[in-house]
Every structure is written in C-alpha cells, then in structure tokens.
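For 1-23, the entry in Swiss-Prot reads transit peptide. Summarising the annotation, Swiss-Prot assigns N6-(pyridoxal phosphate)lysine to Lys231. Under the heading N6-acetyllysine, Swiss-Prot lists Lys247, Lys256, Lys334. Swiss-Prot lists Lys247 with the feature N6-succinyllysine, giving similarity to another entry as the kind of evidence. Per Swiss-Prot, the feature substrate binding site maps to Arg382; the stated evidence is similarity to another entry.
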Amino acid sequence: MFRMLAKASVTLGSRAASWVRNMGSHQLLVPPPEALSKPLSIPKRLLLGPGPSNLAPRVLAAGSLRMIGHMQKEMFQIMDEIKQGIQYVFQTRNPLTLVVSGSGHCAMETALFNLLEPGDSFLVGTNGIWGIRAAEIAERIGARVHQMIKKPGEHYTLQEVEEGLAQHKPVLLFLTHGESSTGVLQPLDGFGELCHRYQCLLLVDSVASLGGVPIYMDQQGIDILYSGSQKVLNAPPGISLISFNDKAKSKVYSRKTKPVSFYTDITYLSKLWGCEGKTRVIHHTLPVISLYCLRESLALISEQGLENSWRRHREATAHLHKCLRELGLKFFVKDPEIRLPTITTVTVPAGYNWRDIVSYVLDHFNIEISGGLGPSEDKVLRIGLLGYNATTENADRVAEALREALQHCPKNKL
C-alpha cells in the first residue's frame, strides 16, 4: 500500500515538473492592455433614443448588491418575485412565465425555436424590422414563411390578417405591438380570437411597448408574449421576459422534433424557473445582477401602477408631439391613432443629414437620440420617452436640442 502511494507521488511529481518546464519554454507575447490600466469612466448622458434608457436610481443601486449563487433559495425567491412582476405587467396568470438570459432577440428566438418545426406554416406581419427578423429566424428553422408586407408606418387590420390566415393556414402568427423601427402601435383587440378560429397561435413582440401602452395578454387572447428589459422597464439590456399560455405550452410539449437550440429550450427553462412546481433543475448560469435590477424595475412599475405608467407615457409623448409640430417636423406615422407612445419617429427634414442632427444633439446637449433602423434607415429620427425618462421636462429638453440642431447643422439647398 505504502509502496503504491510512494510510486504515485513520484509519478505526480515528475508530471508537475514537466508542466513547469513547459511553462518556462513559452513567453507572454501579448502585454497587459494599456487601456485597462485605469478605472472605467462613463459620460453622463440622457438616453432619449429607442433604448436602452437611463436606469432609475433604485435599479442602478441594485446593480451593486452582493452576488449570491443562482441556485440558492434566496435567488429562487427573487426569481419568483420577478415572475409575479412579469405576470402583472403582462396581465396574465400563465404559470409558464420566466426570464430569458438574452436580449429581446433571444426572446424572439426562444418563442420561434420552441413553437415552429420544419415545414410549419408561419404568418408574419412585416411592417418593420422585427417582422423581417422573425421571418429570417423562421426560415433558418425550415418553416414555410409567409410575409404580409406593409409599407413602414402602416399597421394590420383584422380583415387583412384573416385573409392571410385563410390562405396560408399557419400554426403561428407574429405581430409587433410596438414597432420601434417605424414608430407604429399595432392594435391587438380581436386578433387572438381571430387566430384561434383558424387553429393558429398568436405571438406578440412587446419589447418597445410594454409598460407604456395597455396590453392584456389573457384578455386579448395572446398565446405567447415577450418583451425586453431595457426600454420602459429601465433595467440593463441583456435579459428578456416571456410567457406561454396553455395552448402554446401544449404546442411546445407535443413537438415531433427537439427545438434547434438547447439554450432556449423552454422545457428546460421552465424547470430552472420553477414553472412546473417541482424541484428546480440547473440549465445555465443566470445573470444574477441583471435579475436584481429587473426585480427592482418591476417593483417600481408595480408601485406606480400600470394605468399610471400608461397615462404618464401618453401625456409626456403628447407634449413632445406638440413641441415637434412647433418645430415644423413631420411625423413618419401619418395616423395619430397608431403612433407608438413610447418611441416617436419624425421624418428627417429635407436637406439635412440625420447623422449631423444626432451628432449635434449628443455633442452639445449630452442627449442620445437615434436615426432609423431597417426599412426606416436614413428616413427618420427616433426619440424615446421610456419609463423613468417619460417626462414633459425631457420632452422640452430634446425639443430644444433639436431646435438648435436645425439652426446649426448644414442644410443642402438642392
């Protein structure tokens, strides 16, 4: 016995010596980066673009709280509180409600990867970039994608969608509630009931609308709803919220094939988030600090009340629109009834380069606004009054910045 231990010790010792010799035969060719020799410094800015938005002080403070393990009982309590907060802002009682460890794009993929199988018929409302993205993801899955293409700035009627449902017989319809690339608010009443008459599920993207616009997941018959953390909720970007009702859950759990993504497989995520009422099963390491922040952001909107949040966004944006009209700016969305109350799009004034305007507002006022995205690129300026930032004071500040930018930025007279 002792001889065997001694022999093992000699063997391990020779291996350790070999490792040391090998380490000595190599050199560090990459020096420590000079840029990392000093602490990080971030400029103070007012974020009035389409997102992310400024963090509320309480949310910002949550980011400096102590780390705990993601599979500890204290963390499970936080996760349960987050689930309750999501159920409140979604207005749903779905047990299968959780956070995806990834941005709104990841929530979109979570929905599509779990709901669609190769060969499934998928109907997409494409009136901005998010419909385009949903269609591309579904094509990669192998679904049969049918796009209802609209001009940027337009929305869908029940009649138009019914025609698509009757023609293509999809298993899933995708609509964007708040199309942040164009500034359109898509009405949702009646679409869930319509889809169900055609044995189709309704998937809604509410990344740019949640918290700023009324949405009622259960009452409006929405089968799958997702949103992001970084807009009205004023939490750090990088996590997203999602909920599946029983019809959607049944579709997921009766698949013939496994979802193409292990990371976003809802059958695993539901176990991690305790959605099945059983012992939680580890799937991946959760972004603990981001979840602290999301918990606090959901607490803030719960304390404020959804109806108060909706009203505040409506009033702040109405004031912004008044200021923009006084500047002579034209709204990209012509119909006032379908203008998104969280993100406003105005047409780039004739003769101006939108980049000059955005740069001037940032350089002289420390305010971030944005140009267009996807089909609205080079066509619009996007201004967001999101959550904590949705105030008439901020509307006045960005309007004054735009007024000065239009006076000083170069204008092409041709």
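FYI, residue positions are counted from 1 along the chain as it appears here.
From the backbone N, Cα and C atoms, a Cβ is placed for every residue, glycine too.
Taking the features listed in Swiss-Prot, we show where each one sits on the structure.
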residue	record	DSSP class
Lys231	N6-(pyridoxal phosphate)lysine	coil
Lys247	N6-acetyllysine	helix
Lys256	N6-acetyllysine	coil
Lys334	N6-acetyllysine	coil
Arg382	substrate binding site	strand
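In terms of C-alpha distance, the listed recorded positions Lys231, Lys256, Lys334, Arg382 place Lys256 closest to Lys247 (N6-acetyllysine). Taking the C-alpha positions, the distance from Lys334 (N6-acetyllysine) to Lys256 (N6-acetyllysine) comes to 45 Å. Cβ neighbour count within 10 Å across all protein chains ranks Lys231 highest among the recorded positions Lys231, Lys247, Lys256, Lys334, Arg382.
With respect to their backbone Cα atoms, Arg382 (substrate binding site) and Lys231 (N6-(pyridoxal phosphate)lysine) stand 13 Å from each other.
Calculated from their C-alpha atoms, the gap between Lys231 (N6-(pyridoxal phosphate)lysine) and Lys256 (N6-acetyllysine) amounts to 36 Å.
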